[in-house]
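*Asks:* OK, Swiss-Prot features for this one:
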- H68, D101, E164: Zn(2+) 1 binding site (BINDING)
- D70: active site (ACT_SITE)
- D101, E136, H350: Zn(2+) 2 binding site (BINDING)
- E135: active site, proton acceptor (ACT_SITE)
Amino acid sequence: MTDSPVLALTKDLISRQSVTPEDAGCQDVMIARLEALGFTIERMVFEDTTNFWARRGTQAPLFAFAGHTDVVPAGKLEHWHTPPFEPTEKEGYLYGRGAADMKGSLAAMIVATERFIAEHPDHQGSIGFLITSDEEGPFINGTVRVVETLMARDENIDMCIVGEPSSTEVVGDVVKNGRRGSITGDLTVKGTQGHVAYPHLADNPVHKSLLAIHALATTEWDKGNEYFPPTSFQIPNVQAGTGASNVIPGEFHVQFNLRFSTELCNERIVERVTQTLDQHDLNYDLKWTYNGDPFLTDTGALLDAVVDAVDSVNQTKPALLTTGGTSDGRFIARMGGQVVELGPVNATIHKVNECVKIDDLEKLTDMYQKTLENLLA
């Protein structure tokens, strides 16, 4: 039995061992298909990261698919039922690293676009593809660099579907219409190292910091809003001391992260954290890493088109949520356009035995094609 176009392409992409930031030829496969459709291709290589921007048409609106060809490492091979880079069908599922995150989405985007253009060769507006090999890594030379390049020449995406695995139980049951922002602080509180038997000759930075850390951890940053939960403050890492039980540490390192809603901004968070630390008279250094601002698409033609597309395939409308971590959508949203995420079920992403339901690949292709028809036919 011959594989369907989307299944065959998904298998081809999975078989390429594109562990971040490697692309392993995935983009060449996609580019060849897009060139055959009349897309203009612009490869953008920044250091170790491979990206491309493809566009068909010159008119507005500019609708784009966005995604990544890189995958996370497979982990321990002995825990996989099948080789992670040998796509394998079993009981209605396709197994392999990247099946759900997100080579299935990439294949669905390509096939949906091929079908749409075959039926509507003179479609309205323009179609774009923004593809990177640096989403699972440090996200320094990937989508953000492509976005900066496009914005510098005033080529802004009006509407974008990011193919992240948004679904929970069945494909299309959840569409992400926004994401929280993320900011990380690396705090070093300085004291004076000494012997625990002579505390008067030392200055314990852990003791001095606890009240300030407690104050930050119990702060009500905001109340959230209709679309976002309240901002959360979490401490993932702390470190102090030499490992010896008789040495007062000279420094105390605390790393914390805030996931914040549209009720807050980076600048306000920095201001409030600094105020709290200063109130406790600490000698400290604080370095910030800005991981992205929150974004929200609460209304608009894209959201209407996607909701209708999902409903036409599933006979039920998707839930619109902003839960989860960050995605490259945060960079694309800087252009001021509408951004949503729609992709496969995320139950096995980043796990051994990652898989996608084969029928879901067909449904996702139909959803993407229907979205194109709703917007550009």
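Even glycines carry a Cβ here, placed using N, Cα and C.
Neighbours and distances for these, please.
*Replies:* E164 (Zn(2+) 1 binding site) has a Cβ environment of 28 other Cβ atoms inside 10 Å. Under the three-state DSSP scheme, E164 (Zn(2+) 1 binding site) falls in the coil class.
Under DSSP, D70 (active site) is assigned to coil, being neither helix nor strand in the three-state scheme. Taking the Cβ of D70 (active site) as reference, residues of its chain lying under 8 Å away and at least six apart in sequence are, in sequence order, S18, V19, T20, P21, E22, D23, T132, S133, D134, E135, E136, G137.
Around E136 (Zn(2+) 2 binding site), taking its Cβ as the centre, 22 other Cβ atoms fall within 10 Å, counting all chains.
Annotation note: E135 (active site, proton acceptor) sits in a coil segment as assigned by DSSP.
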*Asks:* Give the number of CB atoms, excluding that of H68 (Zn(2+) 1 binding site) itself, located within 10 Å of its CB.
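*Replies:* Around the Cβ of H68 (Zn(2+) 1 binding site), 33 other Cβ atoms lie within 10 Å.
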*Asks:* For the binding-site residues listed here (D101, H350), tell me which residue's CB has the most neighbouring CB atoms inside 10 Å.
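*Replies:* For the binding-site residues D101, H350, the Cβ with the most other Cβ atoms within 10 Å is D101.
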*Asks:* Could you tell me the C-alpha distance between D101 (Zn(2+) 1 binding site) and H350 (Zn(2+) 2 binding site) in angstrom, no decimals?
*Replies:* 8
*Asks:* Test of understanding: give the count of other CB atoms lying within 10 angstroms of the CB of E135 (active site, proton acceptor).
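*Replies:* There are 25 such Cβ atoms around E135 (active site, proton acceptor).
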